[in-house]
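K.L.:
Annotations per Swiss-Prot:
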BINDING   Gly170, Asp171, Arg172, Gln173, Thr174, Gly175, Lys176, Thr177  ATP binding site
SITE      Ser363  site 'Required for activity'
Amino acid sequence: MVNIRPDEISNIIRKQIEQYNQEVKVINIGTVLQVGDGIARIYGLDKVMAGELVEFEDGTVGIALNLESDNVGVVLMGDGLSIQEGSSVEATGKIAQIPVSDAYLGRVVNALAQPIDGKGQIPAYEFRLIESPAPGIISRRSVYEPMQTGLIAIDSMIPIGRGQRELIIGDRQTGKTAVATDTILNQKGQNVICVYVAIGQKASSVAQVVNTFEERGALEYTIVVAETADSPATLQYLAPYTGAALAEYFMYRKQHTLIIYDDLSKQAQAYRQMSLLLRRPPGREAYPGDVFYLHSRLLERAAKLSSQLGEGSMTALPIVETQAGDVSAYIPTNVISITDGQIFLSADLFNAGIRPAINVGISVSRVGSAAQIKAMKQVAGKLKLELAQFAELEAFAQFASDLDKATQNQLARGQRLRELLKQSQSAPLAVEEQVATIYTGVNGYLDVLEVEQVKKFLVQLREYLITNKPQFVEIIRSTKVFTEQAEIILKEAIKEHTEFFLLQEQK
């Protein structure tokens, strides 16, 4: 008979009790009632929060947006074609966030920050919420440093500062994207991180922009976030927030960033589609009531941080498309009221060959001259006034046949100044070249030339200055002031080059 040892048995039982570890796992699950058009209605999910991510059986992720008494309205981040009625859905307990790191520079990603350029995974160990709160009043300081765009018309008359939000608005095919991409090209060597967000664009257009950045060496300091026209509405709606989160990562690390949203009209349309499918009540132009908040919470994230937070900045250039120049439509008026000014691009000017087609009369920068270097203020002060007077005179001159000499001179000067503002695409100018160009026009040195000769003359003058008078460039760069010495050097250069140019043209 086997001996039973009670102490041994009790030891074994005690050990088993000590090792016993019961885990209580609570999972918040629901059932799909209906799915279609990028929207799913879920029964259950009682404890789900607004904006929480939910996961379907097939791995598709969605965002819970509508919390109703008997069901939850979820927008899908994918096509949702393999989701079936009756399948289960699990709440994740997380809200949308993306990985962030320096390795994102030079890459093209989607709205979930996943690479779509075929260059492999992006290493990242830090996460940021896609929707993070904007900096408060105490965290900010007023804008005081210039963000040079490389376009004479903007840098002289509608200056943009670091931390500002300046809207680019105009009809389709007026060069809105060109203004934005030129600004990115001009940040080369300026220690500015750029983020270009393409929302609902044609894939070919995005590829063209990326190609331009690559050719011009701008991709190394740029991140492209792209959700093309065939992407689900949810991802088009999220893309700008993803771009802002990537830019914020650098802003809070004491760096200057520039973000371009191309364009917010498409984001508003994607949001309208989601809202209508979720059966939210439509408002003006069928947009939901909170479409203003959609854009305001995005654009308020652009800021110039205070010295306690490291003086980083995020400058936003949102783009909005108008229909037949109607600036009083719903989305344009909303975004105009949120931003610190707007650059208005006119189809008439574009078709008349004035490019960039900036309508200087109704474009404004509400930060203004705080965002200009002193040298630019000194030479460009008279430019806007002269152009405004010229526009008025030009309209008047169409009816009057015999004009006095002074009026004829003013018209001639205006035509040359307008010519001076024309620039080729992807050819941004350094600020010292702009100062020299404007000084030449405003002080009447172009009056001796024919209007057709102005562009050629200015291109050659800028080359002449850089090669023969490098001290001029050095003075403007180092002092940021248009000193007497700089003026003497510039006058000399203009005089020498004008003589040479006129001789050359006579041949």
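Note: Cβ is positioned from N, Cα and C throughout, glycine not excepted.
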K.L.:
So how many other Cβ atoms are close to Arg172 (ATP binding site), meaning within 10 Å of its Cβ?
P.N.:
11
K.L.:
Other than Gly170, Asp171, Arg172, Gln173, Thr174, Gly175, Lys176, Thr177, which residues of the same chain sit close to ATP? List them in sequence order, counting a residue when its Cβ is within 8 Å of the Cβ centroid of the site.
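P.N.:
Apart from the listed residues, the neighbours are Glu321, Leu345, Ala347, Phe350, Ala357.
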K.L.:
Reduced to three states, what secondary structure does DSSP give Ser363 (site 'Required for activity')?
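P.N.:
SS state of Ser363 (site 'Required for activity') = coil.
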K.L.:
Compile a sequence-ordered list of residues in the same chain as Gly170 (ATP binding site), six or more apart from it, whose Cβ lies below 8 A from its Cβ; state 'none' when nothing qualifies.
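P.N.:
In sequence order, Lys176, Glu321, Thr322, Phe344, Leu345, Ser346, Ala347, Ala357 meet the Cβ cut-off.
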K.L.:
Among the recorded positions Gln173, Thr174, Thr177, Ser363, point out the residue whose Cβ has the most other Cβ atoms within 10 Å, with all shown protein chains included in the count.
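P.N.:
Comparing the recorded positions Gln173, Thr174, Thr177, Ser363, the most crowded Cβ belongs to Thr174.
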K.L.:
If you count Cβ atoms within 10 Å of each one, which of the binding-site residues Asp171, Gly175, Lys176 comes out on top?
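P.N.:
Highest number of other Cβ atoms within 10 Å: Lys176.
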K.L.:
Determine, to the nearest whole angstrom, how far the Cα atom of Arg172 (ATP binding site) is from the Cα atom of Ser363 (site 'Required for activity').
P.N.:
18
K.L.:
Just the number: how many Å between the Cα atoms of Asp171 (ATP binding site) and Ser363 (site 'Required for activity')?
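P.N.:
With the alpha carbons as reference points, the distance is 15 Å.
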